[in-house]
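What Swiss-Prot records for this protein:
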- Cys13-Cys117: disulfide bond (DISULFID)
- Thr113: phosphothreonine (MOD_RES)
- 83-99: motif 'Involved in PIP2 interaction' (MOTIF)
Amino acid sequence: MSWQAYVDEHLMCDIDGQGQQLAASAIVGHDGSVWAQSSSFPQLKPEEITGIMKDFDEPGHLAPTGLHLGGTKYMVIQGEAGAVIRGKKGSGGITIKKTGQALVFGIYEEPVTPGQCNMVVERLGDYLAEQGL
């Protein structure tokens with residue numbers, strides 16, 4: 001399966017059978033190279049990936065400044081140290097799951113809930129990790 005198929009079929013999927021889906025998603029290498037993304041995923045800046053990777057290594061690094069992605073600032077909320085970063089902005093937010101080689105991004109807006117975004121992103125992230133990726 002291509003990386004784009006993982007994004008299209010596992011991240012941009014119908015979450016609840018009602019046609020709801022994430023606003024944007026991507027699979028990105030630890031070096032910031034985009035493996036696949038939805039058409040709506042923002043353009044990443046190298047320093048944003050550097051900051052995200054540092055927060056996985058040093059949990060709490062992004063808390064004072066916020067998480068920036070494509071120039072959008074998210075307030076960092078409770079995640080899982082070294083494994084998941086979660087952010088909030090207004091009625092939407094972001095979940096980032098780290099695997100051995102990749103970062104799985106999901107961005108949501110209402111009516112999708114934080115829990116639904118977490119489930120979609122972390123399920124694919126866990127699967128990729130189990131595959132050694």
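Backbone N, Cα and C atoms are what each Cβ position is placed from, and that goes for glycine too.
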**OP:** Around the Cβ of Thr113 (phosphothreonine), how many other Cβ atoms lie within 10 Å? Please give the count over every shown protein chain.
**Re:** 14
Original post:
How many of the residues that make up the motif 'Involved in PIP2 interaction' (83-99) does DSSP mark as helix, as strand and as coil?
Top reply: 0 helix, 13 strand, 4 coil
Subject >> Number of Cβ atoms other than its own within 10 Å, given for Cys117 (disulfide bond) >> reply: 24
Original post:
Which of the three DSSP states, helix, strand or coil, fits Thr113 (phosphothreonine)?
Top reply: coil
Original post:
Near Cys13 (disulfide bond), how many other Cβ atoms are within 10 Å of its Cβ?
Top reply: 14
